[in-house]
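Visitor: Per TrEMBL, the features are:
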{"type": "ACT_SITE", "residues": "Lys120", "note": "active site, proton acceptor"}
{"type": "BINDING", "residues": "Gly10, Ser11, Gly12, Asn13, Trp14, Gly15, Phe41, Phe97, Arg185, Lys212, Gln214", "note": "NAD(+) binding site"}
{"type": "DOMAIN", "residues": "117-255", "note": "domain 'Glycerol-3-phosphate dehydrogenase NAD-dependent C-terminal'"}
Amino acid sequence: MAGKKVCILGSGNWGSAIAKIVGGNAAKLAHFDPRVTMWVFEEDVGGRKLTEIINTQHENVKYLPGHKLPSNVVAVPDVVQAAVDADILIFVVPHQFISKICDQLKGHLKANAIGMSLIKNVVAVGAGFCDGLGFGDNTKAAVIRLGLMEMIAFAKLFCKGPVSSATFLESCGVADLITTCYGGRNRKVADAFARTGKSIEQLEKEMLNGQKLQGPQTARELHSILRQKGMLDKFPLFMAVYRICYESQPVGEFIRCLQNHPEHL
């Protein structure tokens, strides 16, 4: 039986890091096709196309310099060409671009293709709120625990296939979540939001050179999905982050959300 084909949509530092791991694993495991495609938003670097550099030097010299990619990772500048034969699609692009990418892919994918994305950044925003409000490690631990539980619950509700809670104990789950909640940009900006009272937009300009923070946008997408399903009340931590970021709810209400979370009642 032919191995599963994997496509990575995105080639920034995070996308390239994932490509390095996925490419290495696909080359070793018989149930994966060894060729892994990586969609690259084409740009010139030193007079050469970035895809050409990646495919000849096996290194993303702009976004992940110094780290060689496996030779079976192939950079493709056309998103449809990169994804058309894929069985597994790993989305590693800023959330503001996902809708446009999905529109481009519509009608070109395998009917049974699986898409993968992460929702950890919403929890990291909550962890940042706790830091900015001056709460300690025990409170942040509660955020991580409740956030992980909501992540698992969301996956079990909306993933078509079986979802094992054990998956969330792997490096891609709780380990990455903890790292993000203690060191990521979502935590850092949310901390400043709680301390300064400045808007998310202003802090993006000051701290991220105008780049968009992923956590609030993910919270908005989650809110849209859960509202359509009539399930907003089932994910109080996710929705607290959304309301603070988009509905001007006082950031101090986030702690009330933790205290009144159904898991504590």
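Backbone N, Cα and C atoms are what each Cβ position is placed from, and that goes for glycine too.
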Visitor: Go through Lys120, Arg185, our recorded positions, and report the one whose Cβ sees the most other Cβ atoms within 10 Å.
Guide: Lys120
Visitor: Quick one: Cα separation, Phe41 (NAD(+) binding site) versus the residue listed as 'active site, proton acceptor', in Å?
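Guide: Phe41 (NAD(+) binding site) and the residue listed as 'active site, proton acceptor' have their Cα atoms 24 Å apart.
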Visitor: Kindly report the helix/strand/coil residue split of the domain 'Glycerol-3-phosphate dehydrogenase NAD-dependent C-terminal' (117-255) according to DSSP, in that order.
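Guide: Split by secondary structure, the domain 'Glycerol-3-phosphate dehydrogenase NAD-dependent C-terminal' (117-255) comes out as 106 helix, 0 strand, 33 coil.
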Visitor: Let me check the 10 A CB neighbour count of Gly12 (NAD(+) binding site). How many other CB atoms are there?
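Guide: 17, counting other Cβ atoms within 10 Å of Gly12 (NAD(+) binding site).
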Visitor: What kind of secondary structure is Trp14 (NAD(+) binding site) part of, going by DSSP in three states?
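Guide: DSSP call for Trp14 (NAD(+) binding site): helix.
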Visitor: So, three-state DSSP: helix, strand or coil for Phe41 (NAD(+) binding site)?
Guide: coil
Visitor: Return the residue, from the listed binding-site residues Gly10, Trp14, Phe41, with the maximum count of other C-beta atoms within 10 angstroms of its C-beta.
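Guide: Answer returned by the neighbour count: Gly10.
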Visitor: Over the domain 'Glycerol-3-phosphate dehydrogenase NAD-dependent C-terminal' (117-255), what is the model's average pLDDT?
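Guide: Mean pLDDT, the domain 'Glycerol-3-phosphate dehydrogenase NAD-dependent C-terminal' (117-255): 92.
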